[in-house]
Amino acid sequence: MPHDAIAPYDAIILHSFGGPEGPDEVLPFLRRVTGGKGIPDERLREVGAHYDLFGGRSPINDHGRRLVAELTEELRRREIDVPVRLGNRHSPPFTADVLAELADEGARHVLAIRTSAWQSYSSCRSYREDLAAALADVRVDGLDVDLEFVRPYGQHPGFAQTNAELVTAALREVLEDDEAPALLFVTHSIPETMDITSGPGDAEERAYSRGHADLGAAICDHASEQLGREITGELTFCSRSGPPSMPWLEPDVGDRIEELAAEGVRTVVVVPIGFVSDHMEVIYDLDTEAAATAKEHGVRLVRVPTVGTHPAFVEGLADLAQERAAMRRGEDVEPRAWAGLVPAATPCRPGCCPNLREALPAVGEHA
């Protein structure tokens, strides 16, 4: 039975995107990611070529397993003894299989924690659609289980403040050698239309890009105070895909590095605030491509670590689980946010971060 602090939940799924763990898994993985879009295998092989640089293996599942272990230990320190499992959207262990396994073991109230901190279709609702599909599969098999999720946590101290401390530490070291480094916050680019409709709607549009920009500004304020000098930064993007005719969020981090080099900048500090761990968008788009661009233009690139399994981040995830449990129990809970940032709404409103291609069921919508 769960400890009172997390009741009624009796199991947790760390809900991740997934990734290949060997060369033979790359093409099947990409087929699942692009399912229904009619992309030929030849094109998918081209897209997946960057996996070859890393032996056909993404680090995302290794990180997920480490985070599961660390979160399990943190919960036990709080005397919360519930199973914590990794469940992936696009590679084993698949969400539906993990949910079925937990249900077979007796779990009836499962809480999902995404490895994605932000509000948008791709970073939030698509995960909730995956949860709904998994729940439907399990219920078809006659298993009685419900499934909920923690809120987007880009503003929570466990994520936001941890990023701020990592940035400040990196800048403190860089400033010993360069008094005028550029600071670039980086997240995954998404289509403009997806950004416009991200968040709960109404006056809260562009919750995705606005949320990143607000966190970047708060981090700059924190670093300025800690370092005793003005720190400024700007938001950039990586991993653009889709047809050139479709507007995506810009500027690209590589393009901005080129522009900064032309302006005489000698050091660029890159901060992957859009990502929880060093997965492919980080180790390829930033550590490989952006680093090569910087080197080509005579610029030193310093990449700040992701929050990964930082103890403060792990503690933050445990806090979020307890926050959601208290809400479920009907307690009056004030969602925590760092440095005056505005926390994401819990639960999501109907139509939040809509799927603009096809309306699909999603877990967690309430009027």
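For all residues, glycine too, the Cβ spot is worked out from N, Cα and C.
Because TrEMBL annotations are produced automatically, they should be read as predictions rather than curated entries.
Marked as Fe-coproporphyrin III binding site by TrEMBL: SER58, TYR127. Taken from TrEMBL, the feature Fe(2+) binding site covers HIS188, GLU281.
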Under 8 Å by Cβ from GLU281 (Fe(2+) binding site), counting only residues of that chain that are 6 or more apart: HIS188, CYS238, SER239, PRO272, GLY274, PHE275
Assigned element (helix, strand, coil) containing SER58 (Fe-coproporphyrin III binding site), judged by DSSP: coil
Task: Inside 10 Å of the Cβ of SER58 (Fe-coproporphyrin III binding site), count up the other Cβ atoms and send me the figure.
output: 24
Message: Can you give me the same-chain residues 6 or more apart in sequence from TYR127 (Fe-coproporphyrin III binding site) with a CB-CB distance under 8 Å?
response: HIS15, ARG89, ALA112, ARG114, SER116, PHE149
